[in-house]
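Colleague: According to TrEMBL, the feature domain 'Acyltransferase 3' maps to 7-310. Annotated transmembrane segment per TrEMBL: 30-50, 71-89, 109-131, 138-154, 160-181, 193-211, 231-252, 264-285, 297-314, in sequence order.
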Amino acid sequence: MVEKRVEWIDMAKGIGLLFVFLGHLKTPFLATWIYTFHMPLFFFLSGLVYNHSRNYGNGITKRFTRLVIPYFTLGSGIFIVWCIIYAFQERSNAEYWYMLRDFLVQRGYWTIWFLAALFLASILQWGIVCIAKEKKTLILILSLTLCVWAFVYYRLGGVVLPWCFDVACVAQFFMNMGYLVKNTLMYESKVKFTWRRLIVLFAINVIAGFVNIRFSGHSLDMSIGMYGNEFLSMISALAGIGVTILLSQLFINRWIIYLGRNSMILFAWHSRIVIVLCDFLYGSFGLFQQHTIFEQIIYTVVTLVIILCVLIPVTEFAKDSKYRVLFGV
């Protein structure tokens, strides 16, 4: 039972990672839909596997090792690549400093904003579960209250705070939702795949997401605190999470499971390193410049293959290294 449980959770993570790739590749029509739920999915899954302990010291040490150390290691890799790019572009010295500042302060900067937000959100989740003494109703109330505070903060013109604290206040809601339904979702016998469930959840996700974009003009983008209509965003996100969980129980694919279990480097470096370098090469050789739908699809497939061919070997090298903890693998 435990092995099956782990497999479908890793499947969900792997599917989510593929959605992240496709979202950053600006796949026609697909990217807008993906953004309605793909980052809340990762926070939800983190909450789903959360095991509560009142020993704060051990918990914070594990979170620091798992999230903060890779943040600086992987972020340094991105920083070095962009220093080289800046050198070719003959940028001013001030721009190097601004980039370093944004990396250290972290306000939705690069893909690694997720690690900063997850670190703080996990601490907030621990605090809420402790205060609530693991009572589900109180956890829900406290979690929702903190999430609403973040929404009010944005409505009043608030900007992304250092280390994405405001983002973490929303993220902890999805994490606590995962924690609250943990006992139900951890066992396949209690949540079985049905096409009816998939279609209903997909319809809710798409309709709520479309109405949100249509009337607010914004989709969900947690990295910059953009939610449009908050209620519709949350409904769309939760339904999208449900769709992904059902898909993860529909079939098992070893490659997708691999992505789910080894997502750290792929997540951190695919956008700000691999995609950027691919776009530079495409431009140099005059490739994918027509921007037709067909060409965009070919661009997406080719770039996705390059991402996997480059970063999977890097991941395997890091896993075999004695410094693997630095890369979170």
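Placement of Cβ uses the backbone N, Cα and C atoms for every residue, glycine included.
Please situate the listed features within the shown structure.
Modeller: Taken together, the residues of the domain 'Acyltransferase 3' (7-310) have an average pLDDT of 92.
If you look at the transmembrane segment (30-50), the same-chain residues 6 or more away from its ends with a CB under 8 A from one of its CBs are 9, 12-13, 16, 19-20, 22-23, 114, 118, 121-122, 125, 171-172, 174-179, 181-182, 185-186, 205-206, 208-209, 212-213, 219-223, 233, 236-241, 243-244.
Within the same chain, residues 95-96, 99-100, 103, 110, 112, 115-116, 119, 264-265, 268-269, 272-273, 276-277, 326-328 sit at least 6 positions outside the transmembrane segment (71-89) and bring their C-beta atoms closer than 8 Å to a C-beta of that stretch.
Remote same-chain residues near the transmembrane segment (138-154) are listed as 124-125, 128-129, 131-132, 166-167, 169-170, 172-173, 176-177, 179-180, 225, 227, 230 (criterion: CB distance under 8 Å, separation of at least six residues from the stretch ends).
Long-range neighbours of the transmembrane segment (160-181) within the same chain, counting only residues 6 or more positions beyond its ends whose Cβ lies under 8 Å from a Cβ of the stretch, are 40, 43-50, 52, 105-108, 113, 116-122, 124-125, 128-129, 136, 139-140, 143-144, 146-147, 149-151, 153-154, 222-225, 227, 234, 237-238, 241.
Taking Cβ pairs closer than 8 Å, the transmembrane segment (297-314) reaches residues 21-22, 25, 27-28, 258, 262, 265-266, 269-270, 274-275, 278, 282, 288 in its own chain, all 6 or more past its ends.
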Colleague: Out of 109-131, 193-211, 231-252, which stretch touches the transmembrane segment (264-285) the most, going by CB pairs under 8 Å?
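Modeller: So the stretch in question is 109-131.
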